[in-house]
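Visitor: Quick one: structure below, then a few questions.
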């Protein structure tokens, strides 16, 4: 096995994993995701651990969380205030559809129905594709038949061995 082939086999498994990690990192950076603790089933949601990435510290760290003090009740606009014990900071657990440091940004997802022009264009392109496939198949079949009919047929002749002792077939 050559060195290039070995390197290709090693990279084949690692490149998709690296791209996946890069995709998650970019998704977090672009959407400015907030802290979403993942409590273990049976663990109290008032005191569990979460993976947190802050603007000041881009590393992901595991921290303990508790509820915020009563004076921080209005801190989160659309979510629940949580206190990160290990970092001594307040963060928000946003409601579904909200994001941001204080859950102030709303994700407005609008699903627009397909326009008639888009549907018509799609149908036309599919029909053109099918016509191309059928036409190519027809052309190939005719070419193959013409080529086969133009070849002279090979007729087999009886060949004798020339040896009188051998039986002739």
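Cβ coordinates are placed from backbone N, Cα and C, and glycine is handled just like the others.
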Visitor: From 120-140, 141-161, which range did Swiss-Prot mark with transmembrane segment?
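Guide: When 120-140, 141-161 are checked in Swiss-Prot, transmembrane segment belongs to 120-140.
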Visitor: Nearest of the disulfide-bonded residues to residue 92 (disulfide bond) by CA-CA distance, picking from 68, 81, 103?
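Guide: Closest by Cα distance to residue 92 (disulfide bond) among the disulfide-bonded residues 68, 81, 103: 81.
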Visitor: With helix taken as DSSP H, G or I, strand as E or B and everything else coil, how many residues of the domain 'EGF-like' (64-104) land in each class?
Guide: 3 helix, 18 strand, 20 coil
Visitor: Based on Cβ atoms within 10 Å, give me the single least packed residue among the disulfide-bonded residues 68, 76, 103.
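Guide: Each of the disulfide-bonded residues 68, 76, 103 was scored by Cβ atoms within 10 Å; lowest is 68.
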